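So the structure is just underneath, and the comments pick up after that.
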Amino acid sequence: MTTARPAKARNEGQWALGNREPLNPNEEMKQAGAPLAVRERIETIYAKNGFDSIDKSDLRGRFRWWGLYTQREQGYDGSWTGDENIEKLEARYFMMRVRCDGGAISAAALRTLGQISVDFARDTADITDRENIQYHWIEVENVPEIWRRLDAVGLRTTEACGDCPRVILGSPLAGESLEEVIDPSWAIAEIARRYIGQPDFADLPRKYKTAISGLQDVAHEVNDVAFIGVNHPEHGPGLDLWVGGGLSTNPMLAQRVGAWVPLHEVPEVWAAVTSVFRDYGYRRLRSKARLKFLVKDWGIEKFREVLETEYLKRPLIDGPAPEPVAHPIDHVGVQRLKNGLNAVGVAPIAGRVSGTILLAVADLAQQAGCDRIRFTPYQKLVLLDIPDDKLDEVVAGLEALGLQSQPSHWRRNLMACSGIEFCKLSFAETRVRAQGLVPELERRLADVNRQLDVPITINLNGCPNSCARIQVADIGLKGQMVDDGEGGSVEGFQVHLGGSLGQDSGFGRKLRQHKVTSDELGDYIERVARNFVKYRGEGERFAQWAMRADEDDLR
């Protein structure tokens, strides 16, 4: 009788276990040359010699660490999406992402963002659901001048993309909200100062998303690491630590570590969590390299043990969980601030603005004495410090720009990714489609809009990567090519229903074989919204209703 040998553990490329040999092309690229070092080549070689001079490993790899992706070549529908068509899909222009840690900028910075758009990006500008600004049509020759202008107002594109710490989400009303438990602005600024652009964390296994807020207004459940305000019964205000969230093709909600962290320790604890990811994260398969996979395999108890014993060298303080919220906190509308002034939050459709609009908003802000502008994780824009005697003027001025502070449910609660207009991964048009879909829904569902006392969130994404968080929307729409009924395929969406964060956190449900074409979106959303109003129970939220509703009412 022979005894079977135990299976040898697969090498997942974990540095802490001595596995430094790169196991995929992306890891090979990083080992061959530090991605952050490409900035010098951009400034001294590529910007001078043009697009054709760019080395492919820089173009498709290291450029990301400076917020640059090539955008999609025009004229190719979703049937062309895929790595095998990269040579056709790769345009000679770039998407550039500007990170705004905490979503916070000054009026001067907003003006600079607007002018860069007008001068170099064909007047494009989109507010993302990570509080960034994204440009399109950027030429490599203009990148050094754009960087110079951003540097002058305290903004940067450093690590806005790539396997590194992305922009840090923060509350748009941090320090001024009457509802926040604590103002963590110092921690956000300190993490950005100490660690962003530094080599220690510039080579992580995969992207790494952070959210820090005294309110639950940053979608913390879908971030790799998050600190959320909570009151400890003995120690007072602090932050509750969460790890391992993320969506894409394997969605997972973050888990509570069960630790209360005082404000002054947040940067240290953030660095320790990031170090665990850097050293133990999986580097073999890109599709399983996010922190969430390590947390899932280890379990939260082991994660906390390693964090405390190997990195912090001390135990964390046990703490209570924050009370989950019923609905997204998007800061749209007029709110009174701690300082006695007002915040005005507005809802551009799916975050789409323009350089011209940003310049006009900067004018309005400066005329009202406002020097604090915020972007939100829901693709919204907020102006702080508006005095009472300027409030009507600012609200009217924003309204004239198409930026409503009292929008319909459909305008307020719809988000979208870049879509096939610019993204090489997309199968469907999303942000552009949203510009027509929202007015259509406002016309068709004006009566429902008046009846609704709860939001219905609608998130459009062009591919499975879920940049627009489809799995946690009431109605999530994932772009794909769908059967046209005549043996061909057309642009369409797979439907996810009843996803939510907060009280009903979860990914909802998919209906078997249920897909809609892009042309059917208005009809489908109207049908489901009317069924919700007709069949919901007293006080019932959409996510609750969708989980119990008959399939026929959801189709």
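The backbone N, Cα and C atoms fix where each Cβ goes, glycine too.
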Review point. Which one of 1-31, 63-93 shows up in Swiss-Prot as region 'Disordered'?
Key: 1-31
**Study point:** Under 8 Å by Cβ from CYS467 ([4Fe-4S] cluster binding site), same chain, sequence gap 6 or more
**Key:** THR128, ASP129, CYS417, SER418, ASN461
Point to revise | Cβ within 8 Å of the mean position of the Cβ atoms of CYS417, CYS423, CYS463, CYS467: remaining residues of the chain near [4Fe-4S] cluster | key: SER418, GLY419, LEU425, SER426, THR430, ASN461, GLY462, ASN465, ALA468, GLY479
Check your understanding: Can you tell which of CYS417, CYS423, CYS463 has the most other C-beta atoms within 10 Å, given these are the binding-site residues?
Key -> CYS417
Review point. For CYS423 ([4Fe-4S] cluster binding site), what is the secondary structure state per DSSP, taken as helix, strand or coil?
Key: coil
